[in-house]
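Report on the following structure.
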Amino acid sequence: LFAIFAFATCGGYSGELHLSVDCANKSESDLNIDIAFAYPFRLHQVNFDAPTCEGKRREKLSLIGDFSSSAEFFVTIAVFAFLYSLAATVVYIFFQNKYRENNRGPLIDFIVTVVFSFLWLVSSSAWAKGLSDVKIATDPEEVLLLMSACKQQSNKCLPVRSPVMSSLNTSVVFGFLNFILWAGNIWFVFKETGWHSSGQRHAQDTMEKQSSGYNQGGYNQDSYGPAGGYNQPGSYSQVGEYGQPQSYGQSGPTSFANQI
């Protein structure tokens with residue numbers, strides 16, 4: 001959806017600016033000069049006629065600049081991102097077993113996600129700069145400077161209406177939102193790869209080895225268990241002088257004869 005919004009707001013754009021040239025001789029004036037332009041913003045191919053205020057003669061002019069490279073690059077990345085997202089969604093839903101087979105699917109998905117994140121950043125930055133240049137090239141004040149009639153103080157040249165650039169501004173915003181979306185998705189795709197699983201297994205094996213080392217080192221909680229010498233409630237045993245155990249119960253020590 002974000003990719004659709006990105007290429008739709010840029011690739012489907014068309015704008016128009018209006019100018020007015022009021023000559024000293026009113027019959028030579030043109031108060032409604034319309035200049036239309038659209039994607040891919042090859043402005044040097046946008047031609048228009050303007051009065052010269054020297055009789056009926058008119059001059060043919062064109063806008064300045066070619067910004068098609070950044071615009072087409074941005075739209076291309078958006079279209080391919082949309083197609084890949086659509087294909088990945090189908091694979092996730094209907095071919096999950098094939099996707100996880102030999103861990104090949106997650107690895108390819110991870111690499112493609114990283115590449116698209118980088119391309120979104122580059123294309124959005126390039127298009128942001130290209131859009132700034134388009135705004136300057138289509139500024140009515142700048143276009144009036146191209147007309148010879150506007151260089152004479154006796155003539156009045158006025159901008160009537162500037163082109164609306166709101167959709168192009170939106171396309172730049174969606175471009176950077178796509179970058180954030182794809183860059184954030186790198187972590188979730190990485191978790192599906194074998195690299196993440198192997199790292200977890202390695203950490204688990206390390207913890208198990210450390211735990212077994214503590215148990216074998218003589219520190220065992222069972223040493224204080226039922227087999228200990230201080231676990232009887234009313235008596236304790238003691239080795240006598242001749243190696244025989246002597247016991248002391250609750251009623252006191254046994255007789256000397258019994259000890260012998």
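Just so it is clear, glycine is given a Cβ too, placed from its N, Cα and C backbone atoms.
Nobody curates TrEMBL annotations by hand; they come from automatic prediction.
Copied over from TrEMBL:
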DOMAIN    1-194  domain 'MARVEL'
TRANSMEM  73-95  transmembrane segment
TRANSMEM  107-128  transmembrane segment
TRANSMEM  172-190  transmembrane segment
REGION    201-227  region 'Disordered'
COMPBIAS  209-223  compositional bias 'Polar residues'
REGION    241-260  region 'Disordered'
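Packing against the transmembrane segment (107-128) from elsewhere in the chain are residues 10, 70-71, 73-74, 76-78, 80-81, 84, 88, 99, 171-172, 175-176, 178-179, 182-183, 185-186, 189-190, 192-194: each is 6 or more residues past its ends and has a CB under 8 Å from a CB in it. Taking Cβ pairs closer than 8 Å, the transmembrane segment (172-190) reaches residues 2-3, 5-6, 9, 74, 78, 81, 106, 109-110, 113-114, 116-117, 120-121, 123-124, 127-128, 131, 196 in its own chain, all 6 or more past its ends. If one looks beyond the transmembrane segment (73-95) by at least 6 residues along the same chain, the residues whose Cβ comes under 8 Å of a Cβ in the stretch are 3-4, 6-7, 10-11, 39-40, 105, 109, 112, 116, 119-120, 123-124, 126-127, 130, 171, 175, 178, 182.
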